[in-house]
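Before any comments, here is the structure.
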Amino acid sequence: MDRGEGDAQLDEEGLFMNLDGRDEASTSEQQNSQLEEGINEWSNEEDGGPRTMEEEREEEEEEEEQRAESIPRILRVNTVLSHLPPSSSLPRVTERTPLIRPASSFAGLCSTSWNARVGPSPYTAENKPKRRPFQYVGSSSSIRGGGVQQTREREPNSEDAQLYNRYRYYSRLRADVHPSEQALVIPDHVVPPQLFLPYIPGHVPDADGKQASHITIIAIWNTMMGTSLMTMPWAFGQAGFLGGLIIMLGMALLALYTATCLLTLQKTMGMEGASQELSRVCKQLVGGGALGRVLEGLTVTFSVLTLVGAQVVYWVLMSNFLFNTGEVIYDMLQGEIHNDSSNALLCPPNVTEQTGNFVAPDPVGFHHWWQQDLTVPLYLIVPFLFLLNLRDAKIFTYFNSLGAISVLVMYLFVIFKAATWGININFTDPSNTFYDPFFKNTFMCLTGTLSLAYFIHNCIVTIMQGNRHQENNVRDLSIAYTLVALTYIPIGVLFYTSFPLPKYCIVDNFLDNFPPHDVLLAVVRGFLFFQILTVYPLLGFFIRNQLFTYFLGPGHTFYLPRVMFLNALLITFSVLVAIFYPNIGFIIRWVGAISGLAYIFLLPCLTHMLALHTQGRLTYPLAMLHTVIIILGIGNFVAQFFTE
Amino acid sequence: MKKKVLLMGKSGSGKTSMRSIIFANYIARDTSRLGATNDVEHSHVRFLGNLVLNLWDCGGQEAFMENYFVSQRDNIFRNVEVLIYVFDVESRELERDMHYYQSCLEAILQNSPEARVFCLIHKMDLVQDDQRDVIFHEREEDLKRLSKPLECVCFRTSIWDETLYKAWSSIVYELIPNVKELEQNLKDFANIMDADEVLLFERATFLVISHYCTRPHKDVNRFEKVSNIIKQFKLSCSKLAAHFQSMRVCNDNFAAFIETFTSNTYCMVIMSDTTIPSAATLINIRNARKHFEKLERMSQGHLGKGHLSTHTVGVTLG
């Protein structure tokens, strides 16, 4: 359909003012007031224009009103604007037509004075401040005695002024566009740098919105520190003493190397410019098209798989912590006293108990309704029905720091306990209760667990983009990995070495080796419960976001029914696993092996080799090295099948 | 017969944004990429009277596009007056870009050999300041070489600085058939009226076609500013289903008149002599209108030249 002259773009509704004889007085007055309001609004918005145009507009308004007085009402509309001749294709509306903007409430605005709305001005003619819009420097020229011959000290900012002019015009064009569309949005590199920051008196902000190295390092540490911490002692035990140490160090180095590969992929490819998202770089590498789509699909699949695995583990842990917290509170209410609480240790139910009070699962009363494997997972559904369906996940990120506190507390706790228990390990005599061979054939449990423990590869590029000194990226990553290793390894090794019961008693969540009423751990469990409570919806949000973006494109909107459906699936899955197979060691090592294979081994090595190949820098030794890494990854995955 | 201006380029090169800005249209979502019969164009906007701008996207499904070049070629490329081809400066697939460009040129040679070709190297704000000239000249050489035997004129543009406006102004300037004559007449007009400056704007886009200043002005960006302001005003007006006809701004120091002039143009007259009543200027403009319209009609009918007569002297004082 030809859209007319190109001057006026009528939309389908055909907003059209009536020029009928009927109701002339009232409707035309309303229309005039709307029109005036439109002009006033428009001219009030343009407060940043150069002086001449400000004057122009003010004068124009005044002039229009002057002229308006002397001409009958109907024609007021016609002095400055002329209407299109009525044509049969346009609908005629007899009553007041609504404006596109919901401005009908402003209809009365022009008739009341500005003062009546905001109060009288506190400034008199003498003390009126000479304020100018931000893009001007130099004194404001005054109208008296100046006019067109103004001082032009603002020459240096004429470009800024023009940019601002353009920005306003383009914003106008965008008025009817969905905010998520990127067209005509002013990009950061175009905005003059001095405009970037709001000025807060007394506060010296970071000029570029980036963070210092130590904050990046802490962010990485916090992100990597997860539930695998509690699995560490058990996992370490699965690999034997020496085997465990070698694997822990080796995995840390390997994961660090491949994370560095991913981080520097863009540079290896020779792509200049700002750091881009990993998926985009990979797409660039592969060249787009069908292969790119497949690659993207694989990326999403593995990412979602990791997140779902993490969610399931979280649900099991939450049930655990909630259960224990409930037990503590119940015991306190019942007034039970545990006299050797500080030294109590547990062995899991299918091994004979040694010491300490062990609350036997009493099938009647409170304990009937409060069982870790049966009922508590179901009770957990209640808060999540609401939390998971929230649209915006930002609120949950604030609680992330609770996890860091819990980790520190656990760390100190383990050191303290290890100090009290002393070394309880024996390397030579198989009949000793504390015997631990140097190497065990269940080492793949450790490798699988560590694959998840050192996993940050899917978001390392995003986190590092905020680093202020990009040249320090690799250094900061190395420091972060060292810190993480220094957290995991001592907890695993110390706890395992000093544990005073037979080593097979160590559970894959070492907090379970302590009875519920241990005060310090009760507090730790409480913290962790609350932290996981807030991380679970965050994971749900990521899963939702990735799946919907992949299938529906980046413009997808929040549509409650399908979000609820997805959440119902996720919760059902988590609850079923928590009830029937709450074995987090198993889940962690499998999820770790699968996603590790994809993200820690395959993706970095393949893309690194491909990037080097396109640059012509792929040498034989490098190719061999990376192929070996890939084989290790595949072996890690396959070995998971072979534990007994 | 309407002649076409084809705006072509790879997907994502900025054509729709450019068109939105120049023509003050709302940004159209491109729904009909794979439209029914031959509707790959999104919009028809008329400008300069008898030219119609067609926006044509060259990206996305390559196989389809290749096919399209073959089957719909005559339809699209006939009666083309101007081809504006947009290149994205940060595109990594230069080979493919050039390939498409050359296919377009071939089609143009076959169907509309008289067409003018303009190449816009777009998104220059993404290139660092010191490299812009170098990169532009490099691309320009390549394009000139590839375009033979057709001649192409290259511009470098970015929507975030004045280069977009200047490029389109230049393009429109070259499309006006008798622009030199127009300028001469404008000069006479300005002198007769004692105006500070007289500008001619194209009607649909408010791009400055030509201007004449008797008194120089320091703000070099004033054309773009006026153009943007008026386009914003037109946007507001269009919401009230009104279209812009004229504007008058009077002040202690100057008077500015923006009036519809000929069927394709608006004129803007700046008078700093405030003793001249505005009615006089309006009469002058009205009389000049007839003359310029005749000029336009003559140029379109390729008749002889004309002179601004002294009827317009009319009502000046002193």
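Residue numbers in this text run from 1 along the chain shown.
Backbone N, Cα and C define each Cβ position, glycine as well.
Pulled from TrEMBL, these are the features on record:
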| type | residues | note |
| --- | --- | --- |
| COMPBIAS | A:55-66 | compositional bias 'Acidic residues' |
| DOMAIN | A:217-638 | domain 'Amino acid transporter transmembrane' |
| REGION | A:1-73 | region 'Disordered' |
| REGION | A:121-158 | region 'Disordered' |
| TRANSMEM | A:242-265 | transmembrane segment |
| TRANSMEM | A:298-317 | transmembrane segment |
| TRANSMEM | A:369-388 | transmembrane segment |
| TRANSMEM | A:395-418 | transmembrane segment |
| TRANSMEM | A:438-456 | transmembrane segment |
| TRANSMEM | A:477-499 | transmembrane segment |
| TRANSMEM | A:519-543 | transmembrane segment |
| TRANSMEM | A:563-581 | transmembrane segment |
| TRANSMEM | A:587-606 | transmembrane segment |
| TRANSMEM | A:618-642 | transmembrane segment |
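Remote same-chain residues near the transmembrane segment (A:369-388) are listed as 315-316, 318-320, 322-323, 326-327, 330, 361, 533, 536-537, 540, 567, 570-571, 574-575, 578-579, 582 (criterion: CB distance under 8 Å, separation of at least six residues from the stretch ends). Residues of the same chain lying 6 or more positions beyond the ends of the transmembrane segment (A:477-499) and with a Cβ under 8 Å from any Cβ of it are 216-217, 220-221, 224-225, 228-229, 232-233, 235-237, 244-245, 248-249, 252, 255-256, 259-260, 263, 407, 410-411, 414-415, 417-418, 421-425, 436, 450, 453-454, 460, 464, 505-506, 510, 513. Packing against the transmembrane segment (A:587-606) from elsewhere in the chain are residues 227-228, 231, 235, 254-255, 258-259, 261-262, 265, 282, 298-299, 302-303, 305-306, 309-310, 312-313, 316, 444-445, 447-455, 457-458, 508, 577, 626-627, 629-630, 632-634, 636-637, 639-640: each is 6 or more residues past its ends and has a CB under 8 Å from a CB in it. Put simply, of A:298-317, A:438-456, A:563-581, the stretch with the most CB pairs closer than 8 A to the transmembrane segment (A:242-265) is A:438-456.
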